[in-house]
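Comments concern the structure below.
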Amino acid sequence: SKRRDMTVFSGLFLGGLPPELRSATLKLTLSSVKDREPFKGWITDVRVNYTQTSPVESQEVRLDDEQSRLCAREDVCLNGGVCSVLNDQAVCDCSQTGFRGKDCSEEDNYVEGLAHLMMGDQGKSKGKEEYIATFKGSEYFCYDLSQNPIQSSSDEITLSFKTLQRNGLMLHTGKSADYVNLALKNGAVSLVINLGSGAFEALVEPVNGKFNDNAWHDVKVTRNLRQHSGIGHAMVNKLHCSVTISVDGILTTTGYTQEDYTMLGSDDFFYVGGSPSTADLPGSPVSNNFMGCLKEVVYKNNDVRLELSRLAKQGDPKMKIHGVVAFKCENVATLDPITFETPESFISLPKWNAKKTGSISFDFRTTEPNGLILFSHGKPRHQKDAKHPQMVKVDFFAIEMLDGHLYLLLDMGSGTIKIKALQKKVNDGEWYHVDFQRDGRSGTISVNTLRTPYTAPGESEILDLDDDLYLGGLPENKAGLVFPTEVWTALLNYGYVGCIRDLFIDGQSKDIRQMAEIQSTAGVKPSCSRETAKPCLSNPCKNNGVCRDGWNRYVCDCSGTGYLGRSCEREATILSYDGSMFMKIQLPVVMHTEAEDVSLRFRSQRAYGILMATTSRESADTLRLELDAGRVKLTVNLDCIRINCNSSKGPETLFAGYNLNDNEWHTVRVVRRGKSLKLMVDDQQAMTGQMAGDHTRLEFHNIETGIITERRYLSSVPSNFIGHLQSLTFNGMAYIDLCKNGDIDYCELNARFGFRNIIADPVTFKTKASYVALATLQAYTSMHLFFQFKTTSLDGLILYNSGDGNDFIVVELVKGYLHYVFDLGNGANLIKGSSNKPLNDNQWHNVMISRDTNNLHTVKIDTKITTQSTAGARNLDLKSDLYIGGVAKEMYKSLPKLVHAKEGFQGCLASVDLNGRLPDLISDALFCNGQIERGCEGPSTTCQEDSCANQGVCLQQWDGFSCDCSMTSFSGPLCNDPGTTYIFSKGGGQITYTWPPNDRPSTRADRLAIGFSTVQKEAVLVRVDSSTGLGDYLELHIHQGKIGVKFNVGTDDIAIEEINAIINDGKYHVVRFTRSGGNATLQVDNWPVIERYPAGNNDNERLAIARQRIPYRLGRVVDEWLLDKGRQLTIFNSQATIKIGGKERGHPFQGQLSGLYYNGLKVLNMAAENDANIVIEGNVRLVGEVPSSMTTESTATAMQSEMSTSVMETTTTLATSTARRGKAPTKEPIGQTTDDILVASAECPSDDEDIDPCEPSSGGLANPTRAGGGREYPGSSEVIRESSSTTGMVVGIVAAAALCILILLYAMYKYRNRDEGSYHVDESRNYISNSAQSNGAVIKEKQPNSAKSSNKNKKNKDKEYYV
């Protein structure tokens, strides 16, 4: 029966059945027992489940204790005879002992019918010799049965064994489908019997432990002919063989052979302890010979008794002994397990000579998913075929683990087979027994008891292996090794980590522990144990490495960290690429792979660029990673057409990630296994794909980064890479670090090691009239632009391309801020780049501008990002040339309205990426204009802390720098020359400057500086007065030897004084005064700045906050109200005269005055040059000549410096006022703004760089300059020019009542026609031309949609004033 378990529903009856079971209505499973006669006689030694038991109930049975008494003595029955009591006497049953006699003490050595096997009397049992032999794996007995074949229906096999090995053949006879096989299998006793039509298999295992415990165990196998009820529709009884196997007399398994074959016939050999090829024996569950001791191996049947152990020792002519056998029990060296602790460890075994047949068996145990366990290959042979390229082929054999599954790989020259040995994963930490057997083209691979057959393709039956057989991995120096593409673990550098034991090759044991010691193999431990603690619990992976528990080790995935090493402790090398750089790995031999593991980290600001590619010199094969529109694109092309595949579908592509050109580190991983592809970026979900076609082999000679140099088979060349690469690992090889450390000598590179700022192909536009024209920008559906720039200019056109209809794109600098202007057909749009400060700081800045297919526009400047979505048209249809750096002079007038530029870009551009194209701005130019040079030297001299003397302000310019000496009292290029100096003698004198009646300024902020020396205790140095009747004034004076200032701007007198500095000591002193509204500062020489804040300023702050929330259309009304408030509280109205010397005030000054500066006017210079508006009277004398700082070379700079001043200096009062509330005071920065240009009342609030129009305002500020520190502040002199003379004002007031309606209509008309006037700013001259200015109060501006003027700077000044 095939069923091993029996279900029992009744008691166990001995000797017969009770009457109730004989009822005719009761159906029994075996109905014939009802008709059997009850047993009469003795039944002794009753055991159930191996234990003695007592009956529960009996009928007509006498329980006799006499047997226990008579059989109690140990010497009643010897040699295992069974004692029973008959007629009150002890009787021995010797039938199962091989002995005879009353007490089973006489050896039964007569065998009927086989006279040659008759043996003499061996004496009594006590003197009986035991026949023992020791087998060490290569020895065995072979008894020839050819002269006396066995034909039996009942037989018995007995033997005893002692071993430490888990597997081994103990006995075998028969061949083909008629055999008996007894073996030790994984520590259990295995019996396989086949009588011609099917095998009976039994496996006896101990309850605890294994039989390979180095103790003696007795095995007995019996086979008897019995009648057995058939199962099925026939329901007939047949004669079957009952088979019983017992170990140590208590472990018994019973079953029946299949069908009705009852005879065992054998004319072959009896093998004991092994065979010449155990793996090839029919039915053999093991492939190796026995290692240990065998005792008293006996086979007997009705006709013959073969004492095989005795015959071997006595040298029977039919018994052949192979090997040197010791006929005694010796200790056999155990095959100790070993542990491969690292993927790099391995053992080299001798060449496996298994051309026709062979077998390998071993046990393994691991928790790791991947590893090469066994590998060997034959001599390389070149395969040439008209349809195939020349390639190297080898015979090979491999057993590997991939993803937890065990695979057999074999190629005998006619094609490769790859067999998954087991469907379940085998990396669960348990022991698995692997047995590989082959005979020609066919064979099996079995794991534990599950066997998988195979048949190799083609006709070749010879496995020609010529190299060593490697166990556990491969040597680091793989020169001379040929790795077939099908052996993925070899190409992926996956060494095996785990335990191996009991390695047998062709039935011969291999002491791999001893081999490891001889080879001094690192990372091999002569034991196997599994640690219970999980290694990752201690967080061994540093720098955010991802930990995985391996076999008694932790495994760190460092691919996303930028570090290398077992614990991610070593920083990985960075390579910097500038678009002309590369690293190329030229492999020593052509590689063919079917599986790849690729990982790398990159950082780039470009949306396009090649990251890594494998290339071939002979095919289009490639595995390529590149940036494509900010995403990672994987392309795999296996050149199926070239090798004549039938189902080529072209390259496979996968995309992953988004906006990866953000100048941050990103990690890319690629895993290919045959046709399966997986692409991962950072921690995002993996993208997967399946390759079409039957071809899976990738050929490559090179691994390239930065630039693809092998372009012969490329239909299109990817853009060069600009950025940084790190941790490039291809199939376990960290190539960047291998190249840097000199570990490999096949690197070629010009990329630079280390993290470096990338400035690729810089070009200098030396003048604002310089520009280049390139081919039309291709940005129809989407766009990715990138460039770097460096400049000191506030304004300039960087990029311009026009197109069909109104389509265009512009990138420009406006007041130091970047603007992106475009029109896709729905009207022009402006996006202002975000930056903390103006970008004209002579530093490199990175700019990325993109537009995706959903019309999401992104502007990124360094790390600041601005986005905006637009509706409507989605395509940018450009047609004409692309201009870089500017356009022709006559084209500025026709630029779109939102474009501010009136001149070109002066400075450097680099790393220009035009939607994936890297143009050479000079070589690729259709034409060039002006001075354009390669490289970027920048200003030959730059502003340093000590560039300008005496607290002069350094102004960086592209061709150098200049010094603003306005507030120093000195002059000259570096503010270290004396300023214009007058001496006021005894009796006093005075220099008076008078503004023209129609040009008297009103200011919110004033700046005054002068140098002097005197010994007076009382004197007036400078006084500024307003027009008659207004009463506003400002006076710089000496009182009791201390310098001070008094001023009145419409309310009360305000005074500020430096009380600590003695200034009437005859030494030269410089005094600086600033005013912003009612706030004021005063500084003498290098003494700390004195600050003064009148009460009520919080009102202005609250008004400034409220002003930002005032509706757009009400802006003008509020502006006028705020202006009126300003006239009362903060504005120095209608300034008329500047009087120097104080003669009129009764305290004439005596001493020296130098370098007077007031709101852009250098009055002493003007006096020395005989200015018509200056009157000199009294004892005043010019010292020397006018300083010659106004040379021809520096006229423009000097004028600009004299007419302008630091932006933030004018707001020192404001800044320091907030400092008293806990904010840091503001230094005087580098910057400039024109002083004497008209500015409007408080304008609509906006961002600093905003140039959007608001409600009608007055003209603009020429040459606005930003401070290096951030927000824009009021200029040195915010001037409100009087629109008419005082007489005109009187007439206007008188006529106001009569002309009220007319004035209102006129104002409305002017508001609705804001584009009547325009102005042009010339930075080098500081003047306003083409100004449509009547004799009114303000200069009108163009309407909002026209090109904007720079008056926005003045708007911000008003806003900053209120803050």
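Heads up, residue numbers simply count up from 1 along the chain you see.
Using N, Cα and C of the backbone, Cβ positions are placed for all residues, glycine too.
In Swiss-Prot this protein carries:
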type	residues	note
DISULFID	Cys71-Cys83	disulfide bond
DISULFID	Cys77-Cys92	disulfide bond
DISULFID	Cys94-Cys104	disulfide bond
DOMAIN	132-329	domain 'Laminin G-like 1'
DISULFID	Cys293-Cys329	disulfide bond
DOMAIN	336-528	domain 'Laminin G-like 2'
DISULFID	Cys499-Cys528	disulfide bond
DOMAIN	532-569	domain 'EGF-like 2'
DISULFID	Cys536-Cys547	disulfide bond
DISULFID	Cys541-Cys556	disulfide bond
DISULFID	Cys558-Cys568	disulfide bond
DOMAIN	761-936	domain 'Laminin G-like 4'
DISULFID	Cys908-Cys936	disulfide bond
DOMAIN	939-976	domain 'EGF-like 3'
DISULFID	Cys943-Cys954	disulfide bond
DISULFID	Cys948-Cys963	disulfide bond
DISULFID	Cys965-Cys975	disulfide bond
TRANSMEM	1288-1308	transmembrane segment
TOPO_DOM	1309-1363	topological domain 'Cytoplasmic'
Exercise. Ranking the disulfide-bonded residues Cys528, Cys541, Cys908, Cys963 by other Cβ atoms within 10 Å, which is at the bottom?
Worked result: Cys528
Exercise. Does the domain 'Laminin G-like 2' (336-528) reach the domain 'Laminin G-like 4' (761-936), going by 3 or more CB pairs under 8 Å (6 or more apart in sequence)?
Worked result: no
For this session: Select the closest residue to Cys71 (disulfide bond) from the following disulfide-bonded residues, measuring between CA atoms: Cys77, Cys541, Cys547, Cys568, Cys954.
Result: Cys77
Exercise. What is the interatomic distance between the Cα atoms of Cys94 (disulfide bond) and Cys77 (disulfide bond), given in whole Å?
Worked result: 8
Problem set entry | For Cys568 (disulfide bond), nearby residues of its own chain (Cβ under 8 Å, 6 or more apart in sequence) | Cys541, Lys542, Asn543, Asn544, Gly545, Cys556, Cys558, Thr561
For this session: Do me a favour and check the Cα-Cα span between Cys547 (disulfide bond) and Cys965 (disulfide bond); whole Å is fine.
Result: 64
Seminar exercise, completed: Close to Cys77 (disulfide bond), taking Cα pairs within 10 Å and only the disulfide-bonded residues Cys83, Cys104, Cys293, Cys528, are Cys83, Cys104
Exercise. Within 10 angstroms of the C-beta of Cys943 (disulfide bond), what count of other C-beta atoms is obtained when all protein chains are considered?
Worked result: 21
For this session: Sort the disulfide-bonded residues Cys92, Cys104, Cys528, Cys948, Cys963 by C-alpha distance from Cys908 (disulfide bond) and give me just the closest.
Result: Cys963
Exercise. Between Cys536 (disulfide bond) and Cys528 (disulfide bond), how far is it from one CA atom to the other, in Å?
Worked result: 20
Problem set entry | Per-residue Cβ crowding (10 Å cut-off), top of disulfide-bonded residues Cys83, Cys94, Cys104, Cys547 | Cys104
Exercise. So of all those disulfide-bonded residues, Cys92, Cys293, Cys329, Cys948, Cys954, which one's Cα sits nearest to Cys83 (disulfide bond)?
Worked result: Cys92
Problem set entry | Separation of alpha carbons, Cys92 (disulfide bond) and Cys943 (disulfide bond) (Å) | 121
Seminar exercise, completed: Across every protein chain in view, the count of C-beta atoms other than its own within 10 A of the C-beta of Cys536 (disulfide bond) is 17
Problem set entry | Fewest Cβ neighbours within 10 Å, where candidates are the disulfide-bonded residues Cys92, Cys293, Cys329, Cys965 | Cys329
Seminar exercise, completed: Mapped onto three states, the DSSP assignment of Cys536 (disulfide bond) reads helix
Problem set entry | Secondary structure content, the domain 'EGF-like 3' (939-976) (per DSSP, counts of residues) | 0 helix, 12 strand, 26 coil
For this session: Could you work out which of the disulfide-bonded residues (Cys954, Cys975) has its C-beta surrounded by the smallest number of other C-beta atoms within 10 A?
Result: Cys954
Exercise. Do you know the mean pLDDT across the domain 'Laminin G-like 4' (761-936)?
Worked result: 92
Problem set entry | Cys948 (disulfide bond) versus Cys104 (disulfide bond) - Cα distance in angstrom | 126
Exercise. Whose Cβ, among the disulfide-bonded residues Cys556, Cys936, Cys948, has more other Cβ atoms within 10 Å than any of the rest?
Worked result: Cys948
